[in-house]
Amino acid sequence: MEPQQRSPLLEVRGNIELKKPLIKAPSRLPLPGTRFKRGPDQMEDALEPEKKRTRGLDTVTKIATSQSRAPAITARTQTQNQITAPKVPKKTGPRCSTAIAMVLKNQKSGPAVPAQKPGAAAPPMVGGRKPTKRPAWDLKGQLCDLNAELKCCRERTQTLAQENQQLQDQLREAQQQAKARGAECRTLEGELARVQAQAEQGQQELGSLRARVLELEEQQCTQEGLLRELQKEQLGLQEERRGLAARLEEQERRLQASEAALSGSQAEVASLRQEATGQAALLVEQGERLHGLEMERRRLHNQLQELKGNIRVFCRVRPVLPGEPTPPPSFLLFPSGPGGPADPPTRLSVSRCDERRGTLSGAPAPATRHDFSFDRVFPPGSRQDEVFEEIAMLVQSALDGYPVCIFAYGQTGSGKTFTMEGGPGRDPQVEGLIPRALRHLFSVAQELGGQGWTYSFVASYVEIYNETVRDLLATGPRKGQGGECEIRRAGPGSEELTVTNARYVPVSCEKEVEALLHLAHQNRAVARTSQNERSSRSHSVFQLQISGEHTGRGLQCGASLNLVDLAGSERLDPSLALGPGERDRLRETQAINSSLSTLGLVIMALSNKESHIPYRNSKLTYLLQNSLGGSAKMLMFVNISPLEENVSESLNSLRFASKVNQCVIGTAQANRK
């Protein structure tokens, strides 16, 4: 029967107990060349131990050959492990502990067999065959076998010592790595404390700015109260003046009646004229003061807008339409503001479940939350008047001479056109930002007319379709033709841009604006997409040129209000088969995404104060050049869908809006003369 194959590591550990040097027994064989003279009894006594040894060796050999070699080695390995186990240090690194555990596991995996005595080692193999039995008298051969086995055990012991040294080196390396990780952890804790201190300092600065705003508002209220008092005083003076006029008439009648009182009446008339002159001078002074208060109001208004940021980003989530699936409650979350539920929300949290990911147990991966922060977030239940209330002060800045640009960004079907133009019909509850903004401007301009200001408004409405400018207000044969419209300078050396062959219509009331919006809605390029039955496939730009003049003081101001409805930013699936209609949609989408990318590059370049701004890379940015620079105020609406199936496009829109929200453009300058 072939001996059982033994593991090298078990064989080495099992033979460690052979480290003790062998004690050579004195040989009882007669040396060559010597002669002993013994009697019969002495010869029998001398041969008797040899017979006993022969019988002992035969018995041991039979026991050794009847048992397999692997169990004996395993038993010696277990004995060795019991002896060397207490020498393992208590503090070991993870790598060393893992190595020791693997060795012990390998040792335990073998069968437990009784140990074999060192002196009962099996004779060596001869040519891979069953070992031959040495004769009992061949003690020298047995000694050679034991020496060879001893040499092999020493080599194995040396190998085990080297492995032990390697494990100790690995343990020291693991301890050094642990120390390095501890130092790195302490460094990160210090960095965290520093960042927290910076955050606290920022909160303190924000509190001081809020206190400053409150102080300015209180000053404004005080100035308004003083203005009311002055107006009351002015009315009193006017009444007093009328009384003096009546008195003067009475004196004139007395003058005709009595020549004797002529001198006294003339003196009184002179005094009254002097008083009237003083009243007139006082009225001029009050007019100057009223003008100064108006200028102060404009300055404080602009300062308040600058505190809010010259680039602001609002996020609006449209409501779920009839027939659409209701998203889970945890899909979109609107955390409360710093002041609690009373403050308007400024943060948005989106949950996304990726079906391609999973755990080791086969269960679906947990949902991933994406948090975004903007200047204002409008939940699905927000009304149109609530949205406009947030931008009314920004729209009024256009009357003060500051260029203003407001545009809506998002995928198709996210509610951009509804936000800018409103819903179908003429329901005042669903009016968009464009009609509400113009109504607000007309109202404020009428109020400022009482202070000597006169304003004129000129409107234009164009669309950019596949990098071609089209006039949405065109009528007759020119309707739908865009090849003749080009963006040009208004004159040599002028920074003002104009669209050639486009209609510029003066407007002065709401009805005229409604007629223009209705005409533009009919002429705009739309198409059916996978996201929307009637999708806008172009960028529409409503421009309102505002000119103001104060003839009494020789003051002039001019600015433009740009209200832009951007085309849908969704991506087409390149794996779909493209028919003639799909090829047109592909070209449209490529042109739309190219112009939107250029818009992002322009905003980033303005924020980084780069020397070259790529306005001319797109017709959209080139047309809005004067409303995107450092002298303008911008606001972006990012519109997203509440449906879970559109989460990919919604996240892309939110990430783009977050980049825009992080940009800072220089202080805006009013266009005054």
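For all residues, glycine too, the Cβ spot is worked out from N, Cα and C.
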Which range, 70-94, 145-169, 420-444, 545-569, does TrEMBL list as region 'Disordered'?
70-94
From the ranges 109-134, 291-316, 577-602, pick the one that TrEMBL records as region 'Disordered'.
109-134
Given 26-46, 47-67, 341-361, which one carries TrEMBL's region 'Disordered' label?
26-46
Just to confirm: which same-chain residues, 6+ apart in sequence, have a Cβ under 8 Å from the Cβ of Gly410 (ATP binding site)?
Lys416, Leu566, Gly568, Ser569, Phe637, Val638, Asn639, Ile640, Ser653
Taking only the residues in the coiled coil (150-310), give me the average pLDDT of this model.
86
How many other Cβ atoms are found within 10 Å of the Cβ atom of Gly415 (ATP binding site), counting all protein chains shown?
20
Over all shown protein chains, what is the count of other CB atoms within 10 A of the CB belonging to Gln411 (ATP binding site)?
24
How many other Cβ atoms are found within 10 Å of the Cβ atom of Thr417 (ATP binding site), counting all protein chains shown?
25
Residue among the binding-site residues Thr412, Ser414 whose Cβ has the most other Cβ atoms within 10 Å:
Ser414
